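Trainee: The structure is given below, and queries will be raised subsequently.
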Amino acid sequence: MPLIQSGTSFTANIGIYNDFASNQVNTQGDVNVQHNNYIKKDPNGHKALIHELKDRLNPSELTGDDRPECLKNTRRETLQSIYRWADARGYPNVLLLIGAAGTGKSTIATTVAGMYQRKGRLGCHISFLQRRSHPGDALQTIAYSLAVYNQSIAKYLVGKLRNGGDIGPSSLKTKFEILLRDPLSVISTKVRDPVLIVLDAFDECGTPELRQSLLNVLQDRLSTLPANFRILITSRPDEDIVSLKFSPSFLTITLDQHSDESEADVSTYIKLEFNRMRSSGKLNVPDDCEWDDDLRRLTKRADGLFIWASTAVRFVREVEQFRYRCFQNLVSNASSLKLDELYMTVLSHVSEWNEEDKEILRNIFSLILFARRPLSDIEISEILDVEMDVTSNLLSYFRSLVRYERGNPITIQHASFYDYLTSCQGMPWYIDPEVQKAYIASKCFERMGDFLKYNICNIPSDFVLNADVPDIDNRVTTCIPPFLKYICCNWIHHLQDVSYSRELCFQLRSFVYNQLLFWFEVLSLTNTFNDHAGPTLLFATQWLGNNDPELSSFLRDAYRQASTYSEPISQSVSQIYTSLLPLTKEDSPVSIHYAKYANSALRVEYIGKKQRNDCIKTIQVNRRHALTYLLLFSYDCTQILSDSKQGVCVWDATSGELTAGPLVAEDDEDNALSAAYLPDGKYSIIASRNGVIRKWDLLTNYLVWERELSDFQMDTRWCVSAAFSPDRKSVVFGDDRGRIRVWNVDTGEQDVKWLEGHSNRVNCLSFSPDSKYLVSGSYDTTIVIWDMDKRKARIGPLRRHIKEVTAVEFSPCGTNVVSGSADRTILVWDVFTGEVLREITCGEWWMSMWNVVDFTAAPKVFQTDGNIQRLSFSPDGSRFMFGGAGRYSSLDDGLIEIWDASWDAEEARAAFEEQQQITSISLSPSGKFIASGSREGSVYLWNILTGELSKKLYLGSGIDSVAFSPINEGLIAFGSNDRTVRVWDVANDEPVTLGIHKGWVSSVAFSPSDGIHVASGSWDKTIRIWNSKQRKLAIGPLKGHTDHVLALSYSPDGKRLVSGSYDNTVRIWNSLTGRLLSTLIGHSSFVYSVAYSFDGSRIVSGSRDKTILVWDAQSGQIVCGPITGHDKWVRSVCFSPDGKRILSGSWDNTARVCDAITGRTFFPPFSGHTLSVESVCFFPDGRHFATGSFDGTIRIWTLDTILDGTNWELRDDNWVVGENGKLMMWIPKNLHTHLYSPRIVSILSSSFRFKLHFDAE
């Protein structure tokens, strides 16, 4: 919302004015604000507060305003009525000034504002701009202006916003209370005289639907402001605004152009202006002229309409020659000269111009009419690539039609001029909208081709963040002029204004393949990347349609990269070349094409083949916004709507930022069950469990309306599903008893009786695209397809699933229904016959996408760490998303992941070979092999020297512990969730079972001396010792623990066994007899891991209490600890071979090495794993160690000294930082698992890894 404010005058203009009479007043000199003496001010403090508020409220740019006031002795009756109201102290405190176009509303508003400005009592003066004002910004703008006016208001707002944080996603009601009601209430007692707030041209504040939310807030709440704050609102008599006049909270004055006052004032204006021209010598009038009669004729034709009069005056005044001839032309045609004919008269001399000037004029007017914001003559000249004086001279001819001052934004004087120019076919000045809009789009591409270039602002390479460049503002101002920023932010809108053409497609292709990344630069440097990059690329792809598949594919990849790398690029232009290009150099068409621009000081070394990442964006959802029922894309695919316990949230689909919500109605605590976007994407209708449907303005967070469904007899506890029809006319609810009811969205009335056909809970509902059919899925395992015209079942109940139906959906063509069930199958049904066309079996932790047209095609598989609760496709089919909980995240947190849905037979995935969720690792006696067990039921054997997988064993149940035999590297013991203890000779394919526990086997250990015995600890609270050769129980069960046994370790001589348990204790046993020797108490929570030192003198234990304790193995005394440092549970511990160090792994995703005597940390945390470090072990040399993690990787680390300049770390916020915390590059989360950090020697269990080489030149 472009805003104009003049210095300390507290007046703001938003947009294009409809009521213009540009010289209706003799300006009485410069107006200086008389600050109220009753408020003590500190200018410096006030200035600082205003600066902070500008950042927090983000008001639009502020420049000057030359709005005229009424002529002296005109509008006396109207002005006196307004002054009397404004000086009063009681209610109503809101005055609505209504008048048709051209009746002088804005001039009156400016006059009143000027009067109270001179009295020091004007809080703010805002005028809205047609097609360019946004209601969502109005309250912030008013609040900012009031804060400029009054330091106490500024101080209150700053304090409130500092404590409460960003109010951007808040509802309009909340914004009104925080920004206006509360601060004005606080200072109202300190204000001696009434303060005026002027909101001019409210009808220009968006469309009626768009401003409805703001209108509702103002209607309901302006009267709650203190009565000494007076609000004047002017508007055309639009239906939605006129309804305010019936509110007892509003006083209304209606301007009638045919009233005696209006006609007299127009007459006064015409006489004064033309007499002024005559007396100044600008209008040479012959002696025989019937001057007074001529003026009366003009007055009569104006018919009380100031816009006609002011246009006529400007027309004559702005003509440099033959002014009297122009005057006579007006007079002679006055009796029949309507506004359109007046415009034609003003433009008539264009017919005499040459064709080149006519074309330039059409192009200039086209930009004035069709630009997304008012452009200055300088910007217009640059966009059209014409000389500045050409634009200036042409515009100077038409000051009667446009508001033009050199260097300032240009707007038409009246909206009717837009209508005239776009409808006067056959005239030389006719603007053909389709032709001229296409021309503007073409010029955008042309000028970007001329100006966009690599490193457009010449930023030195040693700066990472844009904000860290000392003279960044000067660089941006110099290198990215306003016209170029405008084009970069708005070219897509001009392209969308026209239909597809080969010419524009050619220009789009040239831009995409030559300037795309340089366009990214401009958006980054102007802080507009998140707002424009993603939507622009999406809309460009949609504009192309199927006309250029290759270009569409390239644009989709560009969107994928812009979305993935939005965070670093929005902060740092250098990350385009330092992060995006190097990290996607082989799998992104965009990066491959622009590879030559990659930062040469950094080399990314790939090891193995990098799979394309189909997950475009992961949005971490905190517990306040965690999903419950809803997840859907907006119509234009740029937003995501989700439900939470706190209300409905709206997310930006590119940046992942929360843009609106939670949307919560007063006193409503019921979850939303269904939602639908309206086609314009600005509103959503949401159905709640309690039978209330609400329409929300998503741009302002305001509740437009709510309707309680009549006779809502469904118990809200049992209302479990809902759906809107695509035509938005009906909403259906399903309950826990198998019934469905239908309501009319517009009236809230119940449609008909229950739809009954299920015998149990209706889990899911979905309409056909044409709204004629409804499909329901139930807990009773059946599906019913309903005819919504006849209100009865068309087909069904259909029985094929053997467990509850959890999801149903119609195909886009409406001929098929797809259903998902707890029986882990997906069925595709024929809507008309009820026949099952295809059955698909699903797995866990994987998403599969099938081509329902080609039943023979293999599915495309997507792996995720999320617990999938909701799935939704984008309307254009390019993406899908799921909502749920991260597999290892807090139970209360969640995530939304957005995935590329493009069908690519590529890679049916080597990822299946990678081990997942590693729970345990064990090093072979020679140090050449590592065995790993996983929660998913596999045991892998890795060759450490080559990094290759030597052998693998798949089982049906998770493995919690693995151990190498100390004398046979080919023999591995493992414990499983199926309660068995087994040994695997890797030369054979089948393991041998030694025995069975009564609970999960959580730990196994070989006897170190002979390797014959295997000890196992179990959730059954016992320890058992097995003879691996005889395959039978040798000793036990050993009983003593009162809860699960989690960890075991033999002493080096094999005579003792130490155990850790859920009962918080460490116990030492005689491994030969099974006798309990001692119980060590010191931890306050579960003991996850225990280990003996290599000399057998000490025991180390790690616990859920986040500490490590070192015990004397003989006395049981604590000799070191508690050792702290880990932020979460300590999952694994061991001693170094020399006994001097302790290695630990934790749920905080790190490993640590500390002094075994003092507990002092030797090194910073070893970070790199993305999930819990479950198992650790030292190599025999004591300088290397291995870690196994739930992230599916095994990492081998070195403790050797790192060379200078290569010591960097990857932080949790994705930034790679060097020494002194210097930011170096940004790496997306999905690549963290594959990155070699400086101390990593090797990464196992990953088909792809990569290394960073800085200063590679």
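Cβ atoms here come from the backbone N, Cα and C positions, even for glycine.
Pulled these features from TrEMBL for this protein:
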- 93-238: domain 'NACHT' (DOMAIN)
- 712-753: repeat 'WD' (REPEAT)
- 755-789: repeat 'WD' (REPEAT)
- 798-839: repeat 'WD' (REPEAT)
- 911-952: repeat 'WD' (REPEAT)
- 959-994: repeat 'WD' (REPEAT)
- 994-1027: repeat 'WD' (REPEAT)
- 1038-1079: repeat 'WD' (REPEAT)
- 1080-1121: repeat 'WD' (REPEAT)
- 1123-1153: repeat 'WD' (REPEAT)
- 1166-1201: repeat 'WD' (REPEAT)
Trainee: Looking only at the repeat 'WD' (959-994), how are its residues distributed among DSSP helix, strand and coil?
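Mentor: Tallied per class, the repeat 'WD' (959-994) gives 0 helix, 21 strand, 15 coil.
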Trainee: When DSSP states are grouped into helix, strand and coil, how many residues of the repeat 'WD' (911-952) land in each?
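Mentor: Reading the DSSP string over the repeat 'WD' (911-952) gives 3 helix, 22 strand, 17 coil.
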Trainee: Given a Cβ distance threshold of under 8 angstroms, which distant residues of the chain, six or more beyond its ends, lie next to the repeat 'WD' (1123-1153)?
Mentor: 1086, 1088-1095, 1097-1098, 1100-1104, 1106-1110, 1159, 1161-1163, 1165-1167, 1169-1178, 1180-1182, 1185, 1187, 1189, 1191, 1197, 1199
Trainee: Helix, strand, coil residue numbers for the repeat 'WD' (1080-1121) per DSSP?
Mentor: 0 helix, 23 strand, 19 coil
Trainee: Do at least three C-beta pairs under 8 angstroms join the repeat 'WD' (911-952) to the repeat 'WD' (1080-1121), pairs 6 or more apart in sequence?
Mentor: no
